[in-house]
Each structure stands twice: as structure tokens, then as C-alpha cells.
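Asks: Pasting in a structure now, in C-alpha cells, and then I'll have a few things to ask.
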């Protein structure tokens, strides 16, 4: 239990800090989705073999060996923090009115893009490519974590009576759901801490967690995971291959020791175990089983939804409602996920209390999926308008046009030679945000109490040159409190989805032959990774990137990352994709119900 708890804790923690990793290494959402999916990619490479051989090996020791790879993988993940340079951010509010701040004003002479020496120094430090260590480390963790579910769940199911098995698996599933809650809460704590704490004077950090450039200590939680995995893996080396099991299970599954003796005697000519020869037949038995296929569709569609939501829900709350990464992680971990935990435990109790068989569990799934879908619909309509950005969402006040022209320039700043790849927002009159002081047409600065303002601005409308702009966006959100509507909607949706989780896990085992149990679980996880866990975050990431209104670009690495999103397009695409996945699970559950009814 501790081993599985640690893995899901680490998995959700990595998702809670993903937006900070994205900012730290200046990544688009599609690349950060690859970072998130890299665990599943590594897992995929060995899942089928591990699942098939799982019942023929010492499963606890196999799990312990995988833990060693997890330990190594997490060390690789945190290396960028210690091998790379300090994080550098732009905060014009406290810089002096000369030198650096002046470069963002309107000038008639085009500025030179950084190159040669400055970029060579950056490349020597290799900061821009350090995220590759995270990808490789997560892939190694994926390989090490492959045995956990197929071997762990089948080990429990093999050594418990049929009805107790449902309760035990429900308890395991519920405990593993505590992991995500703890992961998000740990992310909330770590993201309040500056990324380079211990290496810089924290008094010199002039921004807060809601600032668009804030990056929290994303790496700190992985250090915790390294310690936890070292502790969790130790007892696994001492578990026996088989435990004494109840008589009911012995009659149902046969004598395991007798089967073991037969398998060990059979060898192929080249010395390899004979069980490898049955791999093709096992595949055929599974994929000719329509009930198992329906369970896979349910498992995959729900997994697709969870993979996308889990990866980007923190960023969604940041973008859509102006919450900091720390606040978003806390809302998910402390409020949203407990509903999922309660729903999962309740579903397990319902199955045990009424001794539900296949048909009863399928009906439970249908009810849960329909109610979950209904509760998620309000989130499709709840959201904030995009903050007014001149040239992006609203016309420039000096423009005679009522429509937004192509590009972010206007006649008022056409001679300013503004950098079209830099986002240094300033707030002007009428709560209109400008991409930079240059885009506001400001030619001068003034300083009061150590804070900079930009003056003599030509794009602020009537009497604009006599007005000034202040550093930062006018708002982080124009309807921040609406986030509670989304939290309530998603929490209730999670509750009803949770009621189905234990039933799905049991149906994966009850729709296959006893000898295919471990293999069926493993193939289910393999299909989940191929069709949901890996492409899910990438699909969501590509959809998120498609809603971007303004891309910033690092002049040295030439890698672009989004700084302004179309909130309505983001919300409709993000929540819409979740609803589509839920519809697919409902349809598959209805088909499975008809198949089970015919079997009765």
C-alpha cells in the first residue's frame, strides 16, 4: 500500500508543479505534456512483459526491484535544479529608471536581439535544455513503476476471498487516491517557496506567487519522494511469493503450488520458460472477449479524461481564474480530490454490502457516469473573460477601428520598434493592459518610492501623453470568485465517477479467465497508456496552445511559450474534451450492460 501510495503521490505532485516547470524552462503546453507523459512512455515499454510474467515470479521482490529504478529516476528529475543556473525573471517595478527599464520604452532605433556572447553563455549553462533530464528521469520511473498495479492488485486478489477482495481492492484504490490529494497539497506548499531558495537572498525576490513570472520550488517534492521510496521498498524484499489463502479462493483458482510445479518443469528447447510461448494465445483470448473490450473502452476513456485534467487542471485555474499555482494545487488537493476518495470508498462498500456481481457493477457504473457527466456540464459555461489587452482582445484606444486589427501594433506605436516576442505587461487607463511599455507608446519613465511608472505614452487615448502606465497587468482575473462554481461542479463529478472506480477494477478481472487475470490487468494498463495516458495530455496541451493569443520567445533558444490565452476558447476546448470522454464511457457501459444481460 505504501509503495502504491508513494507512486501516485509523486505522479500527481509532478502534475501540480507542471505549470511552474513550464515557466522555469519556457515550454509550450505541448512540450510540457510530453514531460507529463514521459512516465507513461517508460511504463509502456515493459508493461506487457511484466504483466504476463507477473504470476510466475516472486511479485513482492519484483516490486522491490522496480523501486530501485524509481529511486534513480527521481534523482535524475531533480538534477536540473542543481546543475543549471539560477532562475532569472523580469520585474520592472523595482529597477532603476536607467539601463534595463529603458530598453522596454518606445524608441525610434530598433534594438538588437541578444546573440553571440550572451547567448553563448546561456548555452554553456545549458539552462534551456535542462528539462530533458526531467523527461529521461520520468521515463526511468515509468519502467520502475510498471509492476505496481498488475502485480500488486493480482497479489491481493489471489490471497483474499471473492467478496473480501472487492473490499481490499477498494481500500487500496481509496488509499492510492489519498496520494493525489497529498501530492497536490505538497505541491501547494512547495510552490509558495521560491525556486532557488537557499541559493539566493529571498529579500531580493520582489514578486509574489500571483506574478506571471513566479516559479516555486518544483523540485522540493521530488526530494521527499526519493526519501519515501527508499523507506517503502525495504519491506517488499521480505514478503513471500505466496500467502496462505482462504479455502474459497483455493477452490476457485485451483492449487497454485501445483500449477507452479508444472510450469517450472516445462521448458522450451532454448531454455526459455514455456510460458512465453502462450503469450499470443493469451492476447487472442483477451481481444476476442467483447466484455473485456468494453471494459477497456471505459477504462481508456475515463483515463483520457483523468490524464488531461490531472495534467492541466492547475494551469486551467491559473489562466481562467487568476489563481496562483499554489492556490490551485490546494483547491484540487484539499477540496476536489476528497470527493473522489469518498465516492470510491462508497462504491466499494456498495459492492460488498449488496454483493454485486458483474451486472450489478455495470449498472452502478452507468448511474455513476451519467451523474458525473451531468455535474460537469456547468463547468463548460462558468469562466472569466480574457483580461483586456490592447491589440489582442480590444482595439487600441487611439484607433478609429472598432475591430481588432491583425498583429499587436497600431499607428500609435508603429515607429517604436517594439519587441514582438516579449511580454512585460503594463496597466493603462480604462483597465486596459498593454503588452509592454513600448506597445503603450511610452517614451519616458519616472520613479517614486522605488517603483517605476512609464510616461509620455502615445497609445492611451485622449490626453494619453499626460497619463502614465503602471507595471503589471490591470487584473489577474475579472471574476476570481467564480472558481468556486467550477470546484463544486468538478467535485460532485468526481464523487460520482469515484463510485465506479472499484467496479471497473474488478470488472477487468471478472471478465477474463483466472489464468489471464494479471495479464488482463497489465494489458488494460498498456492500452490505457497507449490511448489515454500518453496522447491525453498531448491532445489537451495542443488544444490549450491553440487558444494562445500571444507567444513570447526566448531570443537565445528560439523556444516559444504562451503568455496570453483566449479564456473562452481555452475553457470550451478543455472542458469540452472532458465531456466527450465521459460520453464515450457512458456508451461503452451501456454496450457492456447488454452483453452481460445476454450472458445471464
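Quick reminder: no glycine exception, Cβ is built from N, Cα and C everywhere.
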Asks: Checking feature assignment: transmembrane segment per TrEMBL, candidates 167-195, 254-282. Which range matches?
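Replies: The listed stretch tagged transmembrane segment in TrEMBL is 167-195.
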Asks: Could you tell me whether the transmembrane segment (362-382) and the transmembrane segment (574-597) have 3+ CB pairs under 8 A, leaving out pairs under 6 positions apart?
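Replies: These two segments touch.
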Asks: Pairs of Cβ atoms less than 8 Å apart decide it: which stretch in 62-83, 329-350, 362-382, 519-544 has the most with the transmembrane segment (215-239)?
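Replies: Checked against 62-83, 329-350, 362-382, 519-544; highest Cβ contact count belongs to 62-83.
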Asks: Under 8 Å between C-beta atoms and at least six residues away from its ends: which parts of the chain pack against the transmembrane segment (30-50)?
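Replies: For the transmembrane segment (30-50), the far contacts come to 11, 14-15, 18-19, 21-22, 62, 131, 134-136, 138-143, 145-147, 150-151, 307, 311-312, 522-523, 525-526, 529-530, 533-538, 540-542, 545.
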Asks: When you scan the chain for residues with a C-beta under 8 Å from the transmembrane segment (483-507), skipping those not six or more beyond its ends, what do you find?
Replies: 153, 165-166, 169-170, 173, 177, 295, 298-299, 302, 313, 317, 320-321, 323, 331, 335-337, 339-348, 350-351, 356, 358, 361-362, 364-365, 367-369, 371-373, 375-379, 382-383, 592
Asks: Counting only residues 6 or more past its boundaries, what in the same chain has a CB within less than 8 Å of a CB in the transmembrane segment (362-382)?
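Replies: Counting only partners 6 or more residues beyond its ends, the transmembrane segment (362-382) has Cβ contacts under 8 Å with 298, 343, 347, 350-351, 356, 482, 485-486, 489-490, 492-500, 503-504, 507, 571-572, 575-576, 578-579, 582-583, 585-586, 589-590, 592-593, 596.
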Asks: How about long-range neighbours of the transmembrane segment (62-83): same chain, 6 or more residues beyond its ends, C-beta under 8 Å?
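Replies: For the transmembrane segment (62-83), the far contacts come to 3, 7, 10, 14, 25, 50, 54, 126, 130-131, 133-134, 136-148, 151-152, 195, 218-219, 222-223, 225-226, 229-230, 232-234, 236-237.
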